[in-house]
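Take a look at the structure below.
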Amino acid sequence: MAAAFAYRWLLCAAGIVNVLPIGAQRHTASDNPSTYNIGGVLSNSESELHFHTTIAHLNFDQQYVPRKVTYYDKTIRMDKNPIKTVFNVCDKLIEKRVYAVVVSHEQTSGDLSPAAVSYTSGFYSIPVIGISSRDAAFSDKNIHVSFLRTVPPYYHQADVWLELLSHFLYTKVIIIHSSDTDGRAILGRFQTTSQTYYDDVDVRATVELIVEFEPKLESFTEHLIDMKTAQSRVYLMYASTEDAQVIFRDAGEYNMTGEGHVWIVTEQALHANNTPDGVLGLQLEHAHSDKGHIRDSVYVLASAIKEMISNETIAEAPKDCGDSAVNWESGKRLFQYLKSRNITGETGQVAFDDNGDRIYAGYDVINIREHQKQHLVGKFSYDSLRAKMRMRINDSEIIWGGKQKRKPEGIMIPTHLKVLTIEEKPFVYVRRMGDDEFRCEPDERPCPLFNASDATTNEFCCRGYCIDLLIELSKRINFTYDLALSPDGQFGHYILRNNTGAMTLRKEWTGLIGELVNERADMIVAPLTINPERAEYIEFSKPFKYQGITILEKKPSRSSTLVSFLQPFSNTLWILVMVSVHVVALVLYLLDRFSPFGRFKLSHSDSNEEKALNLSSAVWFAWGVLLNSGIGEGTPRSFSARVLGMVWAGFAMIIVASYTANLAAFLVLERPKTKLSGINDARLRNTMENLTCATVKGSSVDMYFRRQVELSNMYRTMESNNYVTAEQAIQDVKKGKLMAFIWDSSRLEYEASKDCELVTAGELFGRSGYGVGLQKGSPWTDAVTLTILEFHESGFMEKLDKQWIFHGHVQQNCELFEKTPNTLGLKNMAGVFILVGVGIAGGVGLIIIEVIYKKHQVKKQKRLDIARHAADKWRGTIEKRKTIRASLAMQRQYNVGLMARQPPGTISLAVDKRRYPRLGQRLGPERAWPGDAADVLRTRRPYDLTKSGLVPPALGLGKTRPQQNPLPPRYSPGYTSDVSHLVV
């Protein structure tokens, strides 16, 4: 309140001065001035002398002063009365046309006098360079429009705090600050800078508690009670020297300054007379070196004026405080040039930020030892090679609270932890206790469902990979625990939820992660995959098991189809074999037919010589050789055909041998292959209707697919198929309802080793690991990580793998099952038997067709025979009549011839050669050859013609066997009725 009242008086005084009738004169020139007055409001005569000497030396430094330019100093003494200071600035500095003012003051006199100089000079746009003022108020450019300083403000120490926390790896802190402007400024600076600072470092510090107190403390006990219940034991304090004494006094009474507690304080608090041992504090380098800051401020001003002269025209500075209309634009431009300076001075690297505050200021890190001795243990200084600030700490020189040499953990480490897990075979098996059970088995641990509001009894027992890991961890790093199951059975994912009474969406975690983020649990020991989304909100130990993502599917069925015996050859090869059989048969037939030794028989050849090969016999021969059946007949006769037959036999031998060998490979040693080749399988990337794949909703695998742009199409397809738990998905894979389940490789490899019908497809992708989850900034993170690394080195993790995941005996049985030849059964060879059955049925069918066809042919032949018999009978009747007529005519002529005693002539008769035809001989008359009567008699059937007088007995034809019912001969005139040729 006093400071605000004083500021109002300063503003009133500045207004009074502005209306004084002193008279104003403006000066503008096209050329830059050759002389420049630099004002100084200094605290003592020594500073005034040094200011005068510095400007005198500056005039001889051609690097900063152009030719024909001279600097002059105009100084006044800083008055503790700010109103007097305002009048002195107007009368003794502005009236002398000063282009800038350098101001310093005694640290004990307060900062009101520099503020008066800043107000007055700023009204006329005259730059003011402070060399001792460090209050946060001077950073407000709405008030101190032309003020910049070669010393940093107090609240810039927050930057050094962040460097120290990063160096000591402290992740959780408590900030103690006063409620004044500087106290709130340092808190704001810490929170703002940490947002960008921690983007470049691995360790992020969070503020667990903020303690704000009113200045001029009398007691700090009430705040210490809250601080003691917090987890953090690192205190960052901004307080005045007087307030720091009260805080240290009360903190000592609560034993909060001893072993395990870390205090990092600002410059003012470091000078308290009761600062505890082990406190770390900051001290600005050259903080009390007015000479160094005077020199740096003068040279910064000279550098800015030189650059401004080379770039633009500088108007003369204002000369009168009475002219309120003065607007010195050159002063505003000069202030911008000053802020852009970056030079190496006596106090280090001198540069300014947008507020005109010094940056690159160096700090000493002070460690308080016994009897309030200050010991330098580090520096925060500018690194010219990297062009940035760098922290250097000698850790071995630090004495911590309680006179400890070892760095405290910085947090209160609880020894009894709330540990959560989740059912996930083989890492965690969950068993419900029976009604008659009162305790779990020795290798099990009680694990009730986690419910903060319901103290349920231990109804479940847990065992497995993670439980054994938890038991061993608790032994190694010495903590006790209460184990509980996930409240909703999920690992957890974040959802957007509306805040009550607000329009904004808030990201909220569920499941195990949610309990850890909300600090309702201390640790998660489960197959928890490490991924970026989770690592942003919780801590992870180093992986206790490395794994990735893979695909689980059911093996293709090993049962053979009815045409399994055809598998050794491809369809193309079978077609070629079938074509080859008939082509070879055709060529054999042609070779045997056109061979001179195949078709024609020799004249002297035996009648039993084998006949030439016909086409049907050639086909039979080709098939017989191919099927290795005996060939009893129908073999090639020619040499060329027999050569081809031998070649065909060799071909058949190779084909049959190859078929037999491949048949064994397909039916006896067949090993099923996976359907999918991996995540890059085209059927997964372009999912078809008959291929379903899924994962678990909200899991790490689900998050992985969301991150991968190239898998977005696949994720959109599978999103609707995702399951709530992995157990449900695995059961559906076994039942064949789900073709591919995408999940952590450790679980799927376990399932595949347990069930020989399951197999993992393709290579691992999305490689990661399982880690122990802890709260952000948990004190157990490092201890758990180091212990897990020791477990890896000692072989303990490998032992857990063999015991719980791989199940060596089961996996060996699966491999034995895969390598054991299948015993051929009816299912394997059913096709062959069916083929034989088809052959038998075909043969029976063909014989039935043949019988039916034969019956039809017999009936047809019978009808033809009847018709032929009728025709023959009719023809016989006609011929008989013709024969009788011819016989009568011949007899008459014969009789006439006898009477004329002429020798008999030749006649042509058609007679039946035999009375009874031979078997198979066609019925009907045959044409006899022309001849005499004797010829006729010789061809007639034995008949006694002596009675008829036609043939005398002397012909010697009487020797005939007796005939019953002798029939007369039938004469036929050779199928013609013309008998004119007959000669008697």
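Even glycines carry a Cβ here, placed using N, Cα and C.
Listed features, source Swiss-Prot:
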type     : residues                                       : note
BINDING  : Pro527, Leu528, Thr529, Arg534, Ser700, Asp744 : glycine binding site
COMPBIAS : 974-984                                        : compositional bias 'Polar residues'
CARBOHYD : Asn255                                         : N-linked glycosylation site
CARBOHYD : Asn311                                         : N-linked glycosylation site
CARBOHYD : Asn342                                         : N-linked glycosylation site
CARBOHYD : Asn394                                         : N-linked glycosylation site
CARBOHYD : Asn451                                         : N-linked glycosylation site
CARBOHYD : Asn478                                         : N-linked glycosylation site
CARBOHYD : Asn498                                         : N-linked glycosylation site
CARBOHYD : Asn690                                         : N-linked glycosylation site
REGION   : 947-984                                        : region 'Disordered'
SIGNAL   : 1-24                                           : signal peptide
TOPO_DOM : 25-570                                         : topological domain 'Extracellular'
TOPO_DOM : 592-648                                        : topological domain 'Cytoplasmic'
TOPO_DOM : 670-828                                        : topological domain 'Extracellular'
TOPO_DOM : 850-984                                        : topological domain 'Cytoplasmic'
TRANSMEM : 571-591                                        : transmembrane segment
TRANSMEM : 649-669                                        : transmembrane segment
TRANSMEM : 829-849                                        : transmembrane segment
Proximal residue to Thr529 (glycine binding site) among glycosylation sites Asn255, Asn342, Asn394 (C-alpha distance): Asn394
Cβ neighbours of Ser700 (glycine binding site) where a neighbour is any other Cβ within 10 Å: 24
Distance from Asn342 (N-linked glycosylation site) back to Arg534 (glycine binding site), taken between C-alpha atoms, in Å: 43
Glycine site, defined by Pro527, Leu528, Thr529, Arg534, Ser700, Asp744: further same-chain residues with Cβ within 8 Å of the Cβ centre: Phe491, Ile530, Asn531, Ser699, Ser768, Tyr770
Cα-Cα distance linking Asn478 (N-linked glycosylation site) and Leu528 (glycine binding site), given in Å to the nearest integer: 23
Around the Cβ of Arg534 (glycine binding site), the count of other Cβ atoms that are within 10 Å: 26
Residue among the recorded positions Asn255, Asn394, Thr529 whose Cβ has the most other Cβ atoms within 10 Å: Thr529
Candidates Asn311, Asn342, Asn478: member of the glycosylation sites with the richest Cβ shell (10 Å): Asn342
Cα separation, Asn394 (N-linked glycosylation site) to Asp744 (glycine binding site) (Å, whole number): 45
Integer Cα-Cα distance in angstrom, Asn394 (N-linked glycosylation site) to Asn311 (N-linked glycosylation site): 47
DSSP-derived class (H/G/I helix, E/B strand, else coil) of Asp744 (glycine binding site): strand
Cβ neighbour count within 10 Å of Pro527 (glycine binding site): 25
Packing count at Leu528 (glycine binding site) (other Cβ atoms within 10 Å of its Cβ): 29
